[in-house]
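Structure in structure tokens, see below.
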């Protein structure tokens with residue numbers, strides 16, 4: 001159906017968008033203010049807002065806005081129907097409107113249709129914007145008829161008479177004006193050579209069928225129907241427009257009576273001005289810098305294209321290409337200059353003027369009035385002490401600030417600010433200056449009652465208005481200057497204080513010649529408003545107690561943060577011990593209780609006792625697949641501590657640390673500590689030669705960029721007497737505390753190992769003729785955490801002095817450990833890749849003798865094996881996981897699209913149901929009125945409760961009315977039949 005009017009202009013907007021766009025105005029007067037802003041931006045000196053009764057239309061009247069602004073030409077009028085097309089943002093003048101959306105959103109919030117008449121120069125244009133027309137004609141896109149005439153001849157401007165006739169026929173059918181004479185009459189209402197008349201009709205209704213705007217209660221005002229607000233500016237359009245502009249100069253008439261617009265800064269008692277210098281509000285400046293940077297990039301790309309064309313063009317087109325290049329260079333320079341200016345503005349501090357004063361006319365109407373570009377955005381915003389109930393500090397104080405558009409940008413409906421964080425910061429600052437104002441003026445909690453009594457307020461703080469007596473009126477007039485605006489020059493003049501205060505009323509017509517002050521009784525005189533005292537914000541440094549309190553809070557916060565990051569001891573349970581190895585030595589016995597180990601050459605005799613236990617604690621580390629180096633570390637360290645096993649089982653006594661070799665880290669273990677994470681035990685008293693010739697052979701294969709696996713151990717060494725045994729205790733930083741139950745579980749295990757090693761002790765005693773042990777056994781191991789799917793790396797630290805032959809140096813537990821290690825590796829690979837062939841290093845059934853003689857070679861083989869695992873198997877596994885993730889993401893995106901489509905369909909169904917329900921409520925209200933049963937005034941819940949109560953009670957009147965209707969209908973039928981027969 002959209003192709004029925006191909007010649008007419010279209011607003012390039014969908015019909016459903018018009019309704020959605022109008023809902024941005026939650027505050028109804030905010031929609032009306034959009035239309036006032038358009039008149040002010042057009043330079044209008046006078047604006048009339050009035051209603052015209054018309055019972056044929058929805059709502060019963062039309063709402064009209066008439067201004068004497070610059071008007072619009074046919075070309076300019078065609079721009080207003082498009083969304084976001086406005087030249088105001090590009091202008092150097094500071095217009096209120098910036099988005100090109102106020103006319104559509106504001107008028108469509110009030111009613112369904114509007115018709116606009118405008119005059120400029122020699123033309124008259126009519127713009128017909130109607131939702132009713134589009135709905136009746138089943139048009140999904142908004143079609144806008146726009147006929148134009150010449151002012152002198154009243155003839156059509158267009159050359160297409162068929163289009164002109166079609167536009168007029170649509171206007172006659174769907175507008176309140178049915179003939180061309182009525183249309184011309186509306187142009188005649190515009191009394192000047194230029195101006196605009198906006199007529200809004202088919203007004204929006206409430207649930208009770210009444211219009212949202214009430215023009216019947218007060219014939220000189222437009223009220224908001226059903227409003228229960230305390231502040232008049234929220235329910236009276238006259239009160240709202242009186243404070244709508246920070247610097248009012250346009251005269252506003254509502255229902256043919258002038259609005260007493262207020263220069264709010266000069267209507268307060270004891271006003272004071274504060275200069276707030278800040279660099280906090282940078283949101284709008286950052287957006288401007290981004291736009292300038294994008295413009296520079298676009299200009300530079302155009303310049304590059306022009307340079308390429310100059311290099312490739314022929315001689316004939318060379319001159320034109322150079323001209324294009326020159327223009328591109330100039331454009332780049334201009335854009336770069338603009339970018340530098342925007343960046344300079346971003347760094348520049350801004351100064352905001354904050355005004356404060358007391359509203360002595362009604363102290364309950366206090367709060368902050370926040371303007372943006374001279375337009376009111378928020379009003380009666382409570383800040384600081386005003387937020388507290390029954391607080392006297394700041395009672396009756398009004399704060400005013402006018403924020404430039406480039407500092408903080410308002411929203412599209414001009415009722416909020418886009419940057420909520422900056423707005424909240426502004427309110428906080430205004431609360432601080434409110435306290436400073438109360439200090440400067442002496443209006444504090446102590447003398448506030450005396451101050452209020454001077455203006456006629458009683459002691460009760462709930463009293464809003466002062467007493468209406470001559471004494472208090474004179475006091476108010478002496479404290480607050482009376483300013484009035486001239487109707488000719490629109491300048492504000494201050495009347496002298498000798499004026500009769502009882503007869504001081506607002507005049508509908510006042511000019512400068514009526515001013516008793518001879519210095520300002522002419523329109524040629526310069527406007528001179530009262531000066532406002534300048535206040536300063538005291539910057540008193542915080543007291544010593546406040547500084548100490550802040551420092552204490554920061555220290556506590558830092559300590560809590562350190563406590564969260566502090567590593568805690570971790571206990572390795574007995575069931576995780578994987579390797580136990582022993583090595584024996586022979587030495588002489590000596591029962592001296594005060595024996596000390598000397599490392600530099602003393603002849604010592606030690607008790608023959610040897611046993612050590614190696615414990616590998618596994619720790620799951622997350623493998624980083626993207627790295628390319630080896631992911632395995634082998635760490636071998638020796639940590640020794642002497643302690644008596646018998647004393648360990650019986651009691652815990654004070655221990656004395658013993659000096660150890662350089663590779664052993666010494667620490668002191670407290671008696672209160674109950675850590676029992678014993679990973680290696682060595683019970684031996686080596687001879688002097690053994691200590692001199694002992695060398696620790698360790699190897700490790702490190703990854704170049706490994707970030708995860710570093711295991712640090714703490715060694716605690718103590719010596720009590722000659723019969724004590726040497727114990728190596730390793731505690732990890734991430735371990736937890738150990739209970740006594742776990743300690744008891746380890747003791748039987750140690751005893752069992754002691755019994756198993758008796759034969760080895762005898763064998764080592766027979767081979768004690770060897771000078772020293774030449775090798776240090778270090779066994780690399782790995783354990784697997786299959787539940788998480790990651791390889792865990794384990795470091796085993798062990799140390800012993802071997803004095804036997806190569807055949808007996810390698811014990812059976814070490815071979816068993818290596819076998820378990822290989823089996824675990826096979827389980828890992830088969831878990832990830834059951835279809836691949838395992839490396840040959842892992843397929844060998846047992847270790848060869850090379851491990852005994854050259855452990856480095858076996859370590860190289862293991863490194864090659866792990867490199868193959870990482871470079872081959874893990875890469876394949878990574879690709880497989882990536883494919884799975886991609887498929888999952890694709891499925892989730894597809895489901896999301898389907899969900900959005902279904903959500904949109906459900907939303908449309910919901911809107912249709914709401915419209916049906918709304919129509920049903922309207923019809924129900926009409927039905928109840930016809931049946932004389934009254935009707936509920938309120939929302940849907942009140943309607944439901946009213947109907948339920950009506951159905952439950954036996955309403956005789958309802959039954960009687962039904963009986964009367966049926967009886968009357970029966971009597972009418974025979975009478976009509978008799979009349980028809982008599983006529984025949």
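Quick reminder: no glycine exception, Cβ is built from N, Cα and C everywhere.
In case it's useful when we look at the structure, here is the feature table from Swiss-Prot:
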{"type": "COILED", "residues": "284-353", "note": "coiled coil"}
{"type": "ZN_FING", "residues": "477-531", "note": "zinc finger"}
{"type": "BINDING", "residues": "486, 489, 512, 523", "note": "Zn(2+) binding site"}
{"type": "COILED", "residues": "737-761", "note": "coiled coil"}
{"type": "COILED", "residues": "900-934", "note": "coiled coil"}
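For each listed feature, how buried is it and what is near it?
Confidence annotation: the coiled coil (284-353) carries a mean pLDDT of 85 in the model.
Long-range Cβ contacts of residue 486 (Zn(2+) binding site) within its own chain (separation 6+, distance under 8 Å): 492, 493, 510, 511, 512, 523.
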Within a 10 Å radius around the Cβ, which one of these binding-site residues has the most neighbouring Cβ atoms: 489, 512, 523?
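Checking each of 489, 512, 523, the winner is 512.
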Centre the Cβ atoms of 486, 489, 512, 523, go out 8 Å, and tell me which other residues of that chain have a Cβ in range of the Zn(2+) site.
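Leaving out the recorded residues gives 487, 488, 490, 491, 493, 511, 513, 522, 525.
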What three-state secondary structure does DSSP assign to residue 489 (Zn(2+) binding site)?
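It is coil.
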On the three-state reduction of DSSP, what should I expect for residue 523 (Zn(2+) binding site)?
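It is coil.
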